[in-house]
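Below: the structure, in structure tokens.
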Amino acid sequence: MTFFSLPFLLFFPVLILGVFISISSSSLFGAWLGLELNLLSFIPLISMKINSFLSEAALKYFLIQALGSATLIMASSLYLSLENFSFLLIVLSLLLKLGAAPFYFWFPQVIKGLYWPQVVILLTIQKIAPMVLLSYFMFSSLINKMLLLSSILSAIVGALGGLNTLNLRKIIAFSSINHMSWMLIALIINFSLWFLYFFIYSIIASSLVVLFNLQQSYFFSDIFNYYQPKSFFSFINPLALLSLGGLPPFTGFIPKWIIIQAMLQSHMYITLLFLLSSALVTLYYYLRISIPFFTMFSFSLFFSSKQEIPMFLFMFLIFMNFLGIFLPFWSFLI
């Protein structure tokens, strides 16, 4: 799949429409309808090419999302007789659709079989509706505790899962699971915090995926085979990776710093310890990719040679990755 192809232009607006129907609906039936519309428009985007990996990924994604939708419908039917149990099942079905721990098993397997354009949709847009629907059920202390447990498990799984893999898509998948832990905590504390985190995460993840797509890199070896000391990608790739990992002063550190302060104010010390420890582990495997680029990159060759993209676009990406320099001003958002 390529951006702005005919199938993309046909199905992508329907996918967005499904998201808006879900988050704006006043009933569970309307939310379910939007989720199904979103699912049925994303499946064609996955399986537009005849490819065994894409077909397998589409089938896995469909089965998991269908299971989540069936659980959601069953929970809705139990609402009048077993209200608390119904809410519990709804939250579990939404966590399954998100790929949050302990229901993460399908997420890396699906992403591993996708091309980069589908990956960026699954990492960003497909998370909006379930996350917003989760925020509607934050009135129960039991649900808050469930999300807290899921957050801790997601932090651990996301950190350890990406250590021993050379597949870039699986690394991005486990990184997304780790970021899910921060999003769930932000959702528990304040919806505005979640929106800020998700917005910045989406920008960084999308820019990184676009870079990998331009290089057609799917494994570590692909990145290093593409490497040139004077290449634009050799400079911007490690910056985007470290920004996604949340290393200061890069942009990815901004939402984490704001959430850390909010967690300290809420006395969530144990949870914060798990999240920070997992963030250090994820940062390790980003550094493992980035350090060789920094040690071999040549500024003199870079600025004296013709680049693959216009200089204004290069400067824009640099600016977006260094927004963390303005951290004191972002702190006032709390």
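All residue numbers here begin at 1 and follow the chain in the order shown.
Placed from the backbone N, Cα and C atoms, the Cβ positions cover glycine too.
Nobody curates TrEMBL annotations by hand; they come from automatic prediction.
Note that this is a predicted model, so its numbers are computed, not measured.
Here's what TrEMBL has on this protein:
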- 25-81: domain 'NADH:quinone oxidoreductase/Mrp antiporter transmembrane' (DOMAIN)
- 83-279: domain 'NADH:quinone oxidoreductase/Mrp antiporter transmembrane' (DOMAIN)
- 7-23: transmembrane segment (TRANSMEM)
- 58-79: transmembrane segment (TRANSMEM)
- 85-107: transmembrane segment (TRANSMEM)
- 119-139: transmembrane segment (TRANSMEM)
- 145-163: transmembrane segment (TRANSMEM)
- 184-212: transmembrane segment (TRANSMEM)
- 232-254: transmembrane segment (TRANSMEM)
- 266-287: transmembrane segment (TRANSMEM)
- 309-333: transmembrane segment (TRANSMEM)
Same chain, outside the transmembrane segment (266-287) by at least 6, Cβ under 8 Å from its Cβ: which residues?
148, 151-152, 155-156, 158-160, 162-163, 171, 174-175, 178, 181-182, 185, 189, 241-242, 244-247, 256, 260
Using DSSP, how many residues of the domain 'NADH:quinone oxidoreductase/Mrp antiporter transmembrane' (25-81) fall into helix, strand and coil, respectively?
45 helix, 0 strand, 12 coil
